[in-house]
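Here Swiss-Prot flags Ser104, Gly105, Trp106, Gly214, His215, Arg250, Asn437, Leu438, Ser439, Pro440, Ser441, Thr472 as substrate binding site. Here Swiss-Prot flags Asp175 as Mg(2+) binding site. Taken from Swiss-Prot, the feature active site, proton acceptor applies to Cys213.
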Amino acid sequence: MAASYSVPSMIMEEERRFEAEVAEVQAWWNTERFRLTKRAYSARDVVALRGTMRQSYASNELAQKLWRTLKTHQANGTASRTFGALDPVQVTMMAKHLDTIYVSGWQCSSTHTSTNEPGPDLADYPYDTVPNKVEHLFFAQQYHDRKQREARMSMCREERARTPFIDYLKPIIADGDTGFGGATATVKLCKLFVERGAAGVHIEDQSSVTKKCGHMAGKVLVAVSEHINRLVAARLQFDVMGTETVLVARTDAVAATLIQTNVDTRDHQFILGASNPNLKGKGLATHLSEAMAAGKTGPELQAIEDNWLGMAELKTFSQCVTDAIKKMNLAEYEKQRKLNEWMNHSSYEKCLSHEQAREVAERLGLPNLFWDWDLPRTREGFYRFQGSVEAAIVRGWAFAEYCDLVWMETSSPDMVECTKFSQGVKTLRPELMLAYNLSPSFNWDASGMNDNQMMDFIPRIAKLGYCWQFITLAGFHADALIVDTFAKDFARRGMLAYVEKIQREERSNGVDTLAHQKWSGANYYDRVLRTVQGGITSTAAMGKGVTEEQFEEKWTRTGATNLGDGSVVIAKARM
């Protein structure tokens, strides 16, 4: 008879703690925060991936704050408006007026990579680049929050009542590009974002190998299912860390011209194929390979591709069927009946697979219709894709369950597009929050809008559900504009340019960098020194002799100032 086995108490306790944590995670998922969220894994999976030492993250408080902010805007039909911040100066100025902060991959790529090597937005910088910028700004936010508290607690109550409180801790939403590789790369990227201070992250559905700025050409999509895997990987990492980090799914389906694979049936209706039967057999990639082997290069290869594509009569399968029905030798009413039946079965909402669409075409009398999506594939193996708002809507439906907001990247500020996408995606996901890129890549003056329409654009699309709107590169452009105009003026007018265009403007607009020593926290560290040294220090940075006293209202200096050239002026304060 086998001896009975007694489970050690340590093992029992380990299991008890594990099961308690599983129940805790499940209860968390059952809260209102995750009512619309679908997960492809269980609470047991999450707890098994955690360590035994529980950790908390400051970014989670801001993630919860971000969620409340966005849900309030959604309920009110308004929008959180923000832009890409370059540095701590910008993030502290933005805190006075805006309720969220954006960190752009484009801005990081061009101005602040972790290797210090700048370049265009191709997501080829090290993947810690944007998390590092998030940390840079998040540390600044926390520092200025500490600095403000010290300053306010040094005031009497009456002075505090007169001094506006600034919430420096505005939630940061960061650019996660494509997730920087496979699922494990996305997991590690998201871990970095949480640790570095991001309250939200967006991830797009381009190929990580060929990723481009959303307003460049040559964009290649991944399959719907692959991007869902990225979103699942991101959410899993947030769950493992116990955070409510806001996840934004971006789609580039409007302007994309290529897609990596045809493996997902939801993509089938948007893939282009050759409809000219005279090209049956050898594909474009084979023609190009043979031409290269024969010594052809550059313009010659481009001419071969252009000529082949010109003959291919590229169409979606739906367009091919529609054209074939119109050419049938039938009475007009019968053609129209078949067209109506085809459109009823093949509308984009149905998301027919190619095989299903073929079956419908056969029932309509088109059993051997020539259409081939493999023939026009590129040398890299990509399929041709017909980008459209409809393609973005289909992807929005698919992504919505796995994210918190959906962002459709567009090529212009088009109210018709915004309305079409919002109405389309909300037919299946009515509670979905939307994001919109108020891109500086658009020539807004060429958009057809007048000034009033531009001013009303944000509130108008906010009513459609776009509750987070952002200018990706406004920090970059604002920085360039002020430095270029000031440098030009300074070269011409010297110190008058600085005083007139910067110092006086800072004073008249109440910009706190006018007193830059105070802004940088010299008073804060004077208090640190006094605290360390028993309440007194002879080396205080803001003590007697600091030039910043010249910016106080009570300060004035009269008398002669020697200019060094034998002349003197009577100095006076401009207060």
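Cβ atoms are placed via backbone N, Cα and C, with glycine included.
In the three-state DSSP assignment, the secondary structure recorded for Ser439 (substrate binding site) is coil. Annotation note: Ser104 (substrate binding site) sits in a coil segment as assigned by DSSP. Between the CA atoms of Ser441 (substrate binding site) and the residue listed as 'Mg(2+) binding site' there is a gap of 17 Å, rounded to the nearest whole number. The Cβ of Ser104 (substrate binding site) has Gly84, Asp175, Thr472, Leu473, Gly475, Phe476 as same-chain neighbours under 8 Å, each 6 or more residues away in sequence. Cβ neighbour count within 10 Å across all protein chains ranks Asn437 highest among the binding-site residues Asn437, Ser441.
In this structure, the residue listed as 'Mg(2+) binding site' is part of a beta strand by DSSP. Around Asp175 (Mg(2+) binding site), taking its Cβ as the centre, 28 other Cβ atoms fall within 10 Å, counting all chains. All protein chains included, Ser439 (substrate binding site) registers 21 other Cβ atoms within 10 Å of its own Cβ.
Over all protein chains present, the Cβ of Trp106 (substrate binding site) has 23 other Cβ atoms lying within 10 Å.
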